[in-house]
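According to TrEMBL:
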type: ACT_SITE; residues: H414; note: active site
type: COMPBIAS; residues: 17-29; note: compositional bias 'Polar residues'
type: REGION; residues: 1-58; note: region 'Disordered'
type: TRANSMEM; residues: 85-107; note: transmembrane segment
type: TRANSMEM; residues: 127-148; note: transmembrane segment
type: TRANSMEM; residues: 160-184; note: transmembrane segment
type: TRANSMEM; residues: 190-207; note: transmembrane segment
type: TRANSMEM; residues: 239-260; note: transmembrane segment
type: TRANSMEM; residues: 322-341; note: transmembrane segment
type: TRANSMEM; residues: 400-418; note: transmembrane segment
type: TRANSMEM; residues: 425-448; note: transmembrane segment
type: TRANSMEM; residues: 454-472; note: transmembrane segment
Amino acid sequence: MGDRNERGPATRRRRTTISGEATGTSARQANGGKPGSHGQGEQDAAGAARKHRSSNDGFKDRLSCHRLQESLLSSESGYSNYRGILNWCVTVTMRVLDGPLFLFQLHRYGILVDPIQVVSLFLKDPYSWPAACLIIVSNVFIMAALYTERRLAVGTISEGTGAFLYCVNLGAILCFPSATVLIVNSMTPVGGVFALGVYTVLLLKLYSYKDVNKWCREIRQAKARTLSRSNSSFSVHHITHLLFLYFCLDMYYFIFAPTLCYELNFPRSPRIRKRFLLRRLLEMLFLMQLQVGLIQQWMVPTVQNSMKPFQNMELSRMVERLLKLAVPNHLIWLIFFYWFFHSSMNFVAELMQFGDREFYRDWWNSETVPYFWANWNIPVHKWCLRHFYKPMLRRGVNKLPAQIAVFLLSAFFHEYLVSIPLKMFRLWAFMGMMAQVPLALFVARFLRGNYGNAAVWMSLIIGQPIAVLMYVHDYYVLHYGGVSEARTA
């Protein structure tokens, strides 16, 4: 993975959008006033300088949200606090008897693992690739945002017109793929989830791109009021000549970078570590096959055997099947977390020399529900904080309503990514996300320390299988007219 000495300070020198000339100019103008007003002029200049610095700091905080750092699970990070894993071990030990169940299913049904069968989850017809075509079409929306931003930068359209064009573009990103998934019969549920996931990421990225460029224009306008005309005209002249090439390269680097928050200059690593890249690639390939094997061999038979109790509403057997599904589902979720947030995102970051590797924090030590949601998915958390939560606070919204609004937004996208590909609307994912609000209040008030951490783990282990079983049951009932007699385990 490379040693610490190889890393070094690798951030590129940031492009300055606010120079110190404004403050100096204001001070010189103040000192050049009337002799009798020298003291008052100095006070006015100092006040203006403080206000200017405060405004600049606020903009700079919004413009920059990345820094050069390693992921916690990388050996270079030096992180060693895994005490939450002990609570996880205690919690999972209660279900350790599912190990013999796995061996029993292996003996009864034989080896069910078939990697080739995974292809059928994405394609119904080998000559029809609707999900891939839908993803390729997403470049149209990228170029639309690029064109809009270019016109705004050179001032050929007004801010109001630009905001309208962005709204149309972002609305189309949300509606066009969902309508396509619902209409195209050859689109499989897994292919639909993948395509909608890509478009959801693109929506969040372009929204961040819009916000940051708007903040930069506001800074440039504030700067133009204090700098001389020659400096301002040079800036516009320089931007006009290099705009298109820079915008294209900058946009597509951001689109492929493992982040949802745009910056003018991202922190960059000094080089590509080939050994680190190879290890992440091998992890990705191995863990992907492991997930497929666990789903086909362990989870699918358990889900199939759960359909009959759910159809007959046999409460005791429903609870039994739920507990049997909890461990394989949770194990697959943990493997997916490591595969996606550590292996895959570090692989892409290393390939692109993207310096900020903080894709997650120590969510396993969470003693409260909000701490878990704020630390297990850092790219989404940063986006919500920067472009949704803090703007609401600046508009005078209180913290609690703003936090609930963040959960509402997250619940919407969870349901959007499940219901539309399945072509049914049951709101289980939405209600599961919103149930986190009262759970957070309960854990914060009545549970502390290890008890709170255990409660977070239990919500992860039990909550997800409930949603899985509800969606699978409703999907079979809706698309197959009922649930056939399932095998018993």
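Just so it is clear, glycine is given a Cβ too, placed from its N, Cα and C backbone atoms.
In this view, the residue listed as 'active site' is surrounded by 18 other Cβ atoms within 10 Å of its Cβ, with every protein chain counted. Sequence-distant contacts of the transmembrane segment (400-418), counting only residues of its own chain at least 6 positions beyond either end whose CB sits under 8 Å from a CB of the stretch, comprise 178, 193, 196-197, 200, 370, 373, 380, 384, 388-389, 392-393, 425, 427-434, 436-437, 471.
Across 160-184, 322-341, 425-448, the stretch most heavily in contact with the transmembrane segment (454-472), judged by Cβ pairs under 8 Å, is 322-341.
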